[in-house]
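See below for the structure under consideration.
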Amino acid sequence: METSKLFLLSSSLLLVLLATRPCPSLSERCNPKDKKVLLQIKKALDNPYILASWNPNTDCCGWYCVECDLTTHRINSLTIFSGQLSGQIPDAVGDLPFLETLIFRKLSNLTGQIPPAIAKLKHLKMVRLSWTNLSGPVPAFFSELKNLTYLDLSFNNLSGPIPGSLSLLPNLGALHLDRNHLTGPIPDSFGKFAGSTPGLHLSHNQLSGKIPYSFRGFDPNVMDLSRNKLEGDLSIFFNANKSTQIVDFSRNLFQFDLSRVEFPKSLTSLDLSHNKIAGSLPEMMTSLDLQFLNVSYNRLCGKIPVGGKLQSFDYDSYFHNRCLCGAPLQSCK
């Protein structure tokens, strides 16, 4: 009897020990090479609080700001967002070879240039380096990352010209370079992207020159060139057969006759305000299902066409033109 009790007690203790002891195959999924790189990144950023969970004694697949592939257990996502973090993007980021998502966002103390080491990450699909104090040029090496579908470098201090080689990205769906200090013309190659046509966000820069003639065939879903120093004839961009929905060309120096422009039938938002556009509003605008319209602060004349959504917009959408009249403005004489 005593022997049986002793056996049961020993068995129970053994089960407790096995249950509380971590099993290496279950507790440590993270690839050791990836863990080493992540710890290097943490050290380079001076061990910020946002990365406090990056403990070398725990599985890095469970760390905050990272994700692992469910099959390979390699790090495929690094997202550092809105924390007290300072310094530069560490070169070690380029040593996470299976990374598909790279995000450093809303980090006002992140400085320096975008490191060339990122060019090694051939699996990248999404890059968001935005709302930081990154400076320097927009790197041309992004054109080597052929799997990119989303590139967001907005709200930074980037300067210099836009690399035309970005048009070589065959899968790009959206390009955000807005709210920087970029200069020079829009590359002619942007009218001929290698694959799908990305939504183009270039607003709040210091871009100058004319719209490339290649934009005659450019058909993005969204096109925002507002608040630059662009000039010339913008009418080449518009075509009734395009599928563009949102257009903002406001606060530039565009100068052309609006009278015969044929807007895309798909257009839902149009902002041409604060330019030097002359002529009259085309009658075909009454057929558009516009949700937003602003043509104020131009040199337009004539009667606002009656019909469609044109009378649903406020006075502010039309005022400060040369001699535009009709509802919602004053009656034509």
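Every residue gets a Cβ built from N, Cα and C, even glycine.
These come from Swiss-Prot:
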{"type": "SIGNAL", "residues": "1-27", "note": "signal peptide"}
{"type": "DISULFID", "residues": "CYS30-CYS60", "note": "disulfide bond"}
{"type": "DISULFID", "residues": "CYS61-CYS68", "note": "disulfide bond"}
{"type": "REPEAT", "residues": "72-96", "note": "repeat 'LRR 1'"}
{"type": "CARBOHYD", "residues": "ASN109", "note": "N-linked glycosylation site"}
{"type": "CARBOHYD", "residues": "ASN133", "note": "N-linked glycosylation site"}
{"type": "REPEAT", "residues": "145-169", "note": "repeat 'LRR 4'"}
{"type": "CARBOHYD", "residues": "ASN147", "note": "N-linked glycosylation site"}
{"type": "CARBOHYD", "residues": "ASN157", "note": "N-linked glycosylation site"}
{"type": "REPEAT", "residues": "194-220", "note": "repeat 'LRR 6'"}
{"type": "REPEAT", "residues": "221-240", "note": "repeat 'LRR 7'"}
{"type": "CARBOHYD", "residues": "ASN241", "note": "N-linked glycosylation site"}
{"type": "REPEAT", "residues": "264-288", "note": "repeat 'LRR 9'"}
{"type": "REPEAT", "residues": "290-312", "note": "repeat 'LRR 10'"}
{"type": "CARBOHYD", "residues": "ASN294", "note": "N-linked glycosylation site"}
{"type": "DISULFID", "residues": "CYS301-CYS323", "note": "disulfide bond"}
{"type": "DISULFID", "residues": "CYS325-CYS332", "note": "disulfide bond"}
Stretch among 72-96, 145-169, 264-288, 290-312 sharing the most Cβ pairs under 8 Å with the repeat 'LRR 7' (221-240): 264-288
Close approaches to the repeat 'LRR 6' (194-220) from elsewhere in its chain (Cβ under 8 angstroms; 6 or more beyond its ends): 154, 162, 167-188, 226-234, 236-237, 239, 242-244, 248
Largest tally of Cβ atoms lying within 10 Å of a Cβ, found at which of the disulfide-bonded residues CYS30, CYS60, CYS332: CYS60
Under 8 Å by Cβ from ASN157 (N-linked glycosylation site), same chain, sequence gap 6 or more: ASN133, LEU134, SER135, ASN180, HIS181
Residue among recorded positions CYS30, ASN109, ASN147, ASN241, CYS323 with Cα closest to the Cα of CYS61 (disulfide bond): CYS30
Other CB atoms, at most 10 A from the CB of ASN133 (N-linked glycosylation site): 14
Distance from ASN109 (N-linked glycosylation site) back to CYS60 (disulfide bond), taken between C-alpha atoms, in Å: 25
Cβ-Cβ under 8 Å with the repeat 'LRR 1' (72-96): same-chain residues at least 6 beyond its ends: 29-31, 34, 37-38, 40-41, 44-46, 48-51, 60-61, 65-66, 102-107, 109-121, 123, 129, 134
Residues from the same chain, set at least six apart from the ends of the repeat 'LRR 4' (145-169), whose C-beta lies under 8 A from its own: 100, 114, 118-119, 121-139, 175-190, 192-195, 198, 201-202, 207
DSSP-derived class (H/G/I helix, E/B strand, else coil) of CYS60 (disulfide bond): helix
Helix-strand-coil residue split for the repeat 'LRR 7' (221-240), DSSP-based: 4 helix, 7 strand, 9 coil
Among CYS30, ASN109, ASN147, ASN241, CYS332, which are recorded as recorded positions, the nearest neighbour of CYS68 (disulfide bond) by Cα: CYS30
CB contacts for ASN147 (N-linked glycosylation site) [other CB atoms within 10 A, all chains]: 15
Nearest-integer angstrom distance between the alpha carbons (Cα) of CYS323 (disulfide bond) and CYS30 (disulfide bond): 68
